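According to TrEMBL, the features are:
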DOMAIN    89-313  domain 'ABC transmembrane type-1'
TRANSMEM  24-45  transmembrane segment
TRANSMEM  88-114  transmembrane segment
TRANSMEM  126-152  transmembrane segment
TRANSMEM  164-192  transmembrane segment
TRANSMEM  236-259  transmembrane segment
TRANSMEM  292-313  transmembrane segment
Amino acid sequence: MTLSPPPVRGQLRGTSRGRLADPFFKALMTTSGVLVLALLAFMIIRTTADSWPIFAKEGLGFFTGTEWRAGQTRDLPEIHGTYGAWPFMYGTLVTAAIALAIALPVAVAVAVYITQLSPRRLRGPLSYAVETLAAVPSIVYGLWGLLFFLPVVMRPLMELLNRWFGAFFLFEGPVFGLSYFAAGVVLAIMILPIMTAIIREVFAAAPGAELQAAYGLGATQWEVIRKVLLPRSYSGIVGGAMLGLGRAIGETVAVAMLVGGSQRMGYSLFFAGDTMAAHIFNTFQDALPETVLGLMAIGVALFVFTFIVNVLARLLVWRAGRNLGDAAV
């Protein structure tokens, strides 16, 4: 029996035109990569340079101060106002933490159901529904949360939590509709689809042989999920969680509609507050030149927050993948 050469052999033979195209292709790809890095560097340098008068005047007080009193001067770079961004940083951290605490266990549960428990004919429609929710614009979530979810669900829930746990500082004080808690819960609903989609793919990539071996040893479905699937997928779960956290930190429109827009510092989850992105969104349109510098300084701080989250995500995923041999790595 003779074997004929594959029909594409002649097509893969090197030509002078192909050899000339290689350097051009390499230069084009290199330029694309360098362009992305150059754009990122330009954004960082320009925003930091423009907002430097704020950092020079406030120093560390910009990150620790609680008073934000924008100046009215147009004689830049002289700064007359007081710029303490801690209330906005606190609001960003609190709403993102609430969103992550709610969305992560729900995302894991939904991903487990889709990949391990649901009937095969439902997996496609469920996955499509998750992907559709991830594509819904944030303004739609904001309107839905403000007009329906907040008065019908959130306000009674907040009043119940205040009645039961009002002695604890996180749940004390009068219950306002617009609050950290309301923004955090709607934010959890927003980041849930993207986290679910990522974790679902991680679970789907888990080695089927190991799962079947566990079943063959007599393990129950719960034991297989808890002792095999979840440990093997740990780094992928962490990666999905950090990606959701990064989106929660930078989310703007829906949070601006639900957080209350208050610059007063309050540690109760039921108080109205503000976040970094929401404050920029609400203030920029009517801001004077000095105020614009303050908002750009908040933007720099927001970038630093997001960068730290991404670095931590990379480190956690790398460390978990090295220690556990995760299927998602």
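Each Cβ is built from the backbone N, Cα and C atoms, and glycine gets one as well.
Tertiary proximity for the transmembrane segment (292-313) is limited to same-chain residues at least six positions away from its ends with a CB under 8 Å from its CB atoms, namely 43-44, 47-48, 50-51, 53-55, 62-63, 68, 70, 76-77, 79, 81, 83, 85, 88-89, 92, 238-239, 242-243, 245-246, 249-250, 276-277, 279-280, 283-284.
Here the transmembrane segment (236-259) has long-range neighbours at 91-92, 95-96, 99-100, 103-104, 107-108, 138-139, 141-143, 145-146, 150, 178-180, 182-183, 186-187, 190-192, 194-195, 198-199, 201-203, 205, 230, 272-275, 277-278, 280-282, 302, 305-306, 309-310, 312-313, 316-317, 320, 326-329, meaning same-chain residues at least 6 beyond its ends whose C-beta is under 8 angstroms from one of its own.
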